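Undergrad: This is the feature table in TrEMBL:
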type	residues	note
DOMAIN	4-51	domain 'Peptidase S9 prolyl oligopeptidase catalytic'
Amino acid sequence: MHTNAPPFLVIHGSRDGVIPVAQARSFVERLRAASRSLVAYVELPGAGHGFDLLDGARTGPTTHAISLFLNHVHRTRNQFAKEVI
């Protein structure tokens, strides 16, 4: 983690049995403290590790969140590049 880290989108299930949700939250907090870039966090209630991204109840909302994040990164990428240079 460093000041010039790229934008991050972290999507994590609240019932992940492999990586505890507290670890994801902590990672996001530390990354936000270190980076000047956008760090977005989406926590999926009731979702486990490897949640139903491809064909399930969370597919639409998850892909919408990803789309919003990527659109924001695309719109602001030139601004970020000028700040780094």
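In case you wondered, yes, glycine gets a Cβ from its N, Cα and C as well.
TrEMBL: automatically predicted annotations, no manual curation.
Buried or exposed, and what's around them? Tell me for each listed feature.
TA: For the domain 'Peptidase S9 prolyl oligopeptidase catalytic' (4-51), the model's pLDDT averages out at 93.
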Undergrad: Mind tallying the domain 'Peptidase S9 prolyl oligopeptidase catalytic' (4-51) by DSSP state, helix then strand then coil?
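TA: Split into helix, strand and coil, the domain 'Peptidase S9 prolyl oligopeptidase catalytic' (4-51) gives 14 helix, 12 strand, 22 coil.
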